[in-house]
């Protein structure tokens, strides 16, 4: 959509501020951590922004892209945390990597199946339409349906992956919370669960919206 530049800058600033302040408020990071993370994010943006289109084209068109995506994200999750001690950062990292892999694989499947779920490139950018009762109602309905499907996906995968990981690695399931703090359980649970959430977000939910006329 085409929207005023100032609106985008204000929204980006507010969102970034809320994320940074929440990290400090929750005691997860210090002010210096947040500043370093912010600068590191800018560095990543400068390096990767020029090649975003190349990476996106590879993810969509290359035959073995899903295999490479899944392997790379899984390797990053495993080798980022080699310690046996538990921390919330390990689970959060696996969650982000899994979601990213799921989104990339979902986009690849859309491309391979020829599903045109987005407007054609020549019609972009779209102009903001007037807010009517119908538009608002469809937006709320899409939100509710999408959230329900993603929550059901998360719950189903959580129910399946944790017991399976415990069984494979012979970890007692008496205390699920304690079992989830083991790397052998936490990484597969987070990676697979949120990988499927990302896949549903990019493929299953949009297909459902298209099928029921909510696109």
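For all residues, glycine too, the Cβ spot is worked out from N, Cα and C.
Annotations in TrEMBL come from automatic prediction, not curation.
For 6-25 (among others), the entry in TrEMBL reads transmembrane segment.
Among the features that TrEMBL reports, domain 'Phosphatidic acid phosphatase type 2/haloperoxidase' is placed at 9-52. A mean pLDDT of 91 is what the model gives for the domain 'Phosphatidic acid phosphatase type 2/haloperoxidase' (9-52).
Residues or ranges marked as transmembrane segment by TrEMBL: 32-52 (among others). Long-range neighbours of the transmembrane segment (32-52) within the same chain, counting only residues 6 or more positions beyond its ends whose Cβ lies under 8 Å from a Cβ of the stretch, are 16, 20, 23-24.
With a cut-off of 8 Å between Cβ atoms, the residues of this chain six or more beyond the transmembrane segment (64-83) that come close are 58, 89-90, 93-94, 97-98, 100-101, 104-105, 108, 183, 187, 191, 195. According to TrEMBL, the feature transmembrane segment maps to 64-83 (among others).
The transmembrane segment annotation in TrEMBL covers 95-113 (among others). A Cβ distance under 8 Å defines the sequence-distant neighbours of the transmembrane segment (95-113), meaning residues of its chain 6+ beyond its ends; these are 59-61, 65-66, 69-70, 73-74, 76-77, 190-204, 206.
Among the features that TrEMBL reports, transmembrane segment is placed at 133-152 (among others).
According to TrEMBL, the feature transmembrane segment maps to 191-212 (among others).
Sequence-distant neighbours of the transmembrane segment (6-25) (same chain, 6+ residues past either end, Cβ-Cβ under 8 Å): 31, 33-34, 37-38. Beyond the ends of the transmembrane segment (191-212), by six or more residues, the same chain brings 70, 73-74, 77, 94-107, 109-110, 115, 117, 142, 145-146, 149-150, 153-154, 157-158, 161 to within a C-beta distance below 8 angstroms of the stretch. The domain 'Phosphatidic acid phosphatase type 2/haloperoxidase' (9-52): residue composition by secondary structure is 39 helix, 0 strand, 5 coil, according to DSSP.
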